[in-house]
Amino acid sequence: MRHIIRLHFLCSNSSYKLFKSQISRLSSLLKSHSKKIQEPELQAHAENSLFREITEILGAHNVIPDKSLSGIITTKEAHGINDELNEELMVHTQGVRGNVELNNVLQEKQIFSALDEIDVSPVVDDITGIVRAENAMVSMEERLESLEFQFEPEIVEKVLKRCFKVPHLAFRFFNWVRMKDGFFHTTKTYNTMLYIAGEAKEFKVVDDLVEEMEKNSCEKDIKTWAILISLFGKAKLIGKALFFFEEMKKSKCKPDEKIYKMMVRSLCNDGKGEIALELYKEMTQRDMRLDLTLYKILLNSMAKSGNVSAVNLVADDMNRLSQIPKPDVHVCVLKSFCVAGRIREALSLIRDLKNKEIPLNYEYFEILVKGLCRAGNIADAMEIVEIMKKKNVVDAQVYGIIINGYLRIKELSKALELFQSMKESGYQPTASTYTELMQHMFNLNQYQKGYELYNEMLERGIEADGVAIMAIVAGHVRQNKISEAWEAFNTMEDKGINPNWKSYSIFIKELCKVSRTDEILKVLYKMQGSKIFINNELFKWVIACMEKKGEKDNIQKVKQMQRICRLHYIQDEASRKQELKVEHNHNQSECGMIDQSEQGMIDCPC
């Protein structure tokens, strides 16, 4: 029996070991990559030098009072901040401002599309019903044995997909069907089971499945490799991902552009930028390209490691190979240095642009201000703001960035002083700035000051958005002002804002903190009435709160609501599948061919 060679590596050490001689080059890179970059300058000298350098470079030259931005990278106003640097600079208050992480898995979705087909045939329905009936009086295996169906690989594959959210039952079915006379698992059934096991983080099961495929001489196709590389990459088991990547190179299925992108993303996310750079170089040699998002991820990784030559290499390729306009490339590079806290490298880029007589517009200075605030150099950021003021290009957004910087280092008094100064100078603060200050006041138990800020914002004619409203709702609840909290919450609908799952969950979690279980039930009923899906996590939070108070009757009400939610979800899903089937048949009759609709491997999450 052939066994998969298992890869052992130590993430905590400065060396990163890979096995087998064919990836020794990558191993040597890993060993060198984790060494910390030494800073040669003393802090005081560095600060004085940086101040002089900013004044020397920026002075009163080359500031263009043009806030029109480059074609690809745009400055986001108020709550619309969505780029890498702004995400780093956001003030995160628990439960109020949601962290929405964009996972950018479009490439993987394309590769896994074959796992997302729909089959609503009665055979698949019946088998799936048996497999998922976990609490039946008769065991799954006995009920399956009583069926007179022929278990074909295609049917098995589709049943497994429907059991995506119950991996333990999927695996039981997978093991049972392999014992049927005349049945052999195919590459497709293995792929589906590998995907399910990987998503459930059952990596031992994944290893066993790969070993079984090899034992049964079941060939891996490109989807097999993609699943293995993706799941280990996302789990930050980079050694395993690299091993399967190298094994794929030796197989009949050579890595394509999508596979390379997966590896580059995983390596950068795990802090292995130097290896990512090597794979990127392989991509360019094979005439493969990154998309803009991956270019920015790779730039950030190179900037963080201090590899300026690599940053310049990637930046040159962005323009030369991918035809990204130079102004957009300059903005990406500047952001990557600022995100990484490499302010001197950022200033060096500005100096280079100035020497080449490339106009410096508002966006460059805004990025520098953000980067300096993130690095804690707020005094230097203020120096840039003073220069911008002389050229009449400063605005409320830039003041908001400085205020945000003070709040990050818990300098509330300085933040409020600047906040007052900007108003006296005629600048209208954004809703985002008001919201961040309110959140800090509430966190410091200064409810009245936070409430006054909210009222001042409204009096100035600044429209409160959903984030601001939920901040004041949270503030009211913490003071046990429940009627005021409901009044503020209901203003969202008056303003045409539909409360979403995040809004309701913030309300419920704040109510849990003050043990107002009666009000929690009202919020849950309102969610139901608004057809907002309530997931298991929220139900568990509520039940735990009620258990602490010993409220058995309320617990039963919530559990009943949970069962109804699950039932409605299943019914809605069945209805949607039926609609898709009708559409599928309609398309088939028109086109004379089967056009399978796509659907994710969905299972009721309730």
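Every residue gets a Cβ built from N, Cα and C, even glycine.
Nobody curates TrEMBL annotations by hand; they come from automatic prediction.
The repeat 'PPR' annotation in TrEMBL covers 221-255, 256-290, 361-391, 395-429, 430-464, 465-499.
Taken residue by residue, the repeat 'PPR' (256-290) breaks down under DSSP into 26 helix, 0 strand, 9 coil. Shown for the repeat 'PPR' (430-464): DSSP residue counts in helix, strand and coil, namely 26 helix, 0 strand, 9 coil. Mapped onto DSSP helix, strand and coil, the repeat 'PPR' (465-499) counts 26 helix, 0 strand, 9 coil.
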